[in-house]
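Record features, source TrEMBL:
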type: BINDING; residues: B:157, B:342, B:407-416, B:418, B:442-445, B:468, B:502, B:508; note: ATP binding site
type: BINDING; residues: B:157, B:159, B:411; note: Mg(2+) binding site
type: BINDING; residues: B:161-164, B:239-241, B:245, B:303-306, B:500, B:511-512; note: substrate binding site
type: DOMAIN; residues: B:230-339; note: domain 'Glutathione synthase substrate-binding'
């Protein structure tokens, strides 16, 4: 554990202060739709067969302290990151090489690539690529061996598909502001929670505007007879976190007059169709509740289909192919989905890698590229290269493994292995060094110690926590398939942020599973 | 049962349409805080000890058909009704006579009067009277004996204290508009649910503005050392319907920068004080969570203290007296509370009564007074007057009692007796005609047949329903205590509406108990 760089926080509360804070969190959250459906372990199906109950989404009672400079840097480089995804997604040759290398260990990536190849062979009908909400995830890192070092942000992962909590995050920021305004946070010396330390968070409005922008860019109905237009959210079923998505759908309707429907990923083939006689391949959605009024889908927003476990039958892959070949703007397309894969992150973050400069040098300054590179935690392959050999020597050494984490290369490939558990794990793989290639070694990010209280499932738990800052981005570009990698960026903006906080004792797990919560930042100059 | 004057409604749904409608009602309501805490019969305390769960407030799935002319009339006369309350509340001599008459049968009314007398003796320090949200309750009445008669509104009761659901009603109107906008209501011929048939309902904003107006009218702190100002909601504990109230409190904060605290009626004496040395008697509230920052209460908004059952100890009356003698603007004051009592309604609605004209003739036209009178259902005392004797003859006759309801005069005095159950009930009172005086006889209002579906406690139930339209009003006036009844109206407006709908089979019960729900109006020309 790294010593805290922050002042004593959060302030201690009397039981009356605690009651006041807690009861206002409970009431404000429900009043403002900051909610989830309770898990079946909290409320059994027998008690609530119609799934009508709701409970406050997992939230922290206090905004977590976060270095102001780190927050500003993460926001500032988001549009350059958006550009980077667009570049990678447009470079099919390069992506093809990566996939070839992975094919042996990762069926999922191969299958995604095959979907793209199949559509490419037939010919894409949609050149607009949308990536409303890639989410850059960072942790604050403070090198434990350098006490005087400034804290900095280090990339944990980047997500180009199904980034969640954008519909809740703005509300948590508003919740913490509300608690401040009703004096639910007792004054501290120095004053930490204040109007200037709680930045605005437009995630709902900004992400919705991203989807609406794609919707508008689609243009008129491409069907032989003009159809009404809609956007379609591809979702999981059941979905406890539907309110997160519904906040975006409601905003699309009220602020942009865009109608949204929700469709489980598993029901794609039964409820959507592409007319066989239409060369422009409009995606037609026929809502079960209104079979005589089909809609044409302008924009597909994936909140499902991102995990290998969801592709459990040939039908799943057929469904994904069906969507990909349609004229709908995909958020994301297969190529953008691939651009967000773990493997790409690993390639970019390998210290000697030339790829980052390769992608950005035509559009970004060397200084900007450097700022992005600075957010990478060093990632090493376990292979025959010089770097790979060095990494293997670390991973097999009980002393040196401290400060590292071993991660599987596969998407959804199981749990990470931390520090001193690495050498015995490597040993358990046996002598076959080919098996090593399924893993990468990464510098462990060391976030400074922090405390907070998390309210979830009706219970408050306090303790040491780790926060992960996500920055949302919206990017819409035109893929000019005639020349390799050529593109035209039409829209590109930073779209709000997300702080996810989890208990320090749990080494993995997000807000939706385990002891994690949606948080907001309380900026501090450290 | 009266035959329906409406077209066939609501439309029949396929199971897919029903699923779509229901799932959108469930999600939109939680997303927008249209919620209540579940009752303990739905979710036991054992499952949710922190009372964190919430569920959609009882709502109808469809807006209920309502005659447009009736709706417009109810809204149009609200400000005259507000004026009427102000007149009655200001006429202490007249109120004193009523109380004297009631003293034998109603301790509660006597006790309220005693509180007023005690403060009067000491001298009132606050001349501003606020009645943010009296609620006029009407039913649509269609005389069954006159098939060609137009439907008309008839007053059920008027409430000058603790009118609820203003924080939910605007949301139900918005819910039904949302369902229309996402095509959850299948088209009908003729088209019934449309943009023009669903009127706007500003209850939240308008009622909050009423409370904020009182807050502002209070002026600066009257304490020796200036204190921060707040409004105080006097509430029940526990309160399942807190979100209704919180919607107003949140609006007060966001739209008017007015801070609100909630205090259980039973805790008034322990958490508020009036400095003994201050002739202006500011009401000081010391929040338990912030004992070093006391607040001065500008406005007391009663959401408790309205029912005789809440005054179960001498402390309760002491608490009410304590609040009444303070400088806070009471919403309502004791006199306004009394103006809304059942007995006053009875006196005004007795057909030969001169009181309505007496109160309004100086400010309202004869036509306006007549419009108000037309909303009264005839009410008869059971006493020695000519009208009283006639009423007794009806109430004891098994044939004639049809079409009437017998109501106790006491506030909170138990259940009503309907139609043919009246004669045996009168018989059970024995020969002592003095006991008759505890009751009044009233023409039964005959609302036209209507169907709807109610969603409450996670279940949907459909059937025949009765709707009760409430219209909220805001009135702020200055009581010039020097002369009898003199007053100056500072603010007076109609403040949105409420349609409460309940199953027809249940003869009593509101939305919070039994098979009732918050509804919205779908206007129709009949």
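Placement of Cβ uses the backbone N, Cα and C atoms for every residue, glycine included.
The structure, with features from TrEMBL marked on it.
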{"residue": "B:159", "record": "Mg(2+) binding site", "Cβ contacts under 8 Å, 6 or more apart": "B:134, B:135, B:137, B:340"}
{"residue": "B:161", "record": "substrate binding site", "Cβ contacts under 8 Å, 6 or more apart": "B:302, B:305, B:306, B:332, B:336, B:337, B:340"}
{"residue": "B:163", "record": "substrate binding site", "Cβ contacts under 8 Å, 6 or more apart": "B:133, B:134, B:135, B:470, B:472"}
{"residue": "B:239", "record": "substrate binding site", "Cβ contacts under 8 Å, 6 or more apart": "B:245, B:303"}
{"residue": "B:411", "record": "ATP binding site", "Cβ contacts under 8 Å, 6 or more apart": "B:106, B:108, B:109, B:307, B:308, B:341, B:342"}
Residues within 8 Å of the B:157, B:159, B:411 Cβ centre (excluding the Mg(2+) site residues themselves): B:158, B:160, B:340, B:341, B:342, B:345
Count of other CB atoms lying within 10 Å of the CB belonging to residue B:418 (ATP binding site): 17
Secondary structure composition of the domain 'Glutathione synthase substrate-binding' (B:230-339) [DSSP: H/G/I, E/B, coil]: 42 helix, 27 strand, 41 coil
B:305, B:408, B:414 as binding-site residues, winner by CB count within 10 A: B:305
Rounded Cα-Cα span from residue B:241 (substrate binding site) to residue B:414 (ATP binding site), Å: 23
Between residue B:157 (ATP binding site) and residue B:500 (substrate binding site), the C-alpha gap once rounded to whole angstrom: 13
Within the predicted model, mean pLDDT of the domain 'Glutathione synthase substrate-binding' (B:230-339): 96
Secondary structure of residue B:444 (ATP binding site) (DSSP, helix/strand/coil): coil
Nearest-integer angstrom distance between the alpha carbons (Cα) of residue B:408 (ATP binding site) and residue B:500 (substrate binding site): 23
Separation of alpha carbons, residue B:444 (ATP binding site) and residue B:241 (substrate binding site) (Å): 30
Rounded Cα-Cα span from residue B:418 (ATP binding site) to residue B:500 (substrate binding site), Å: 21
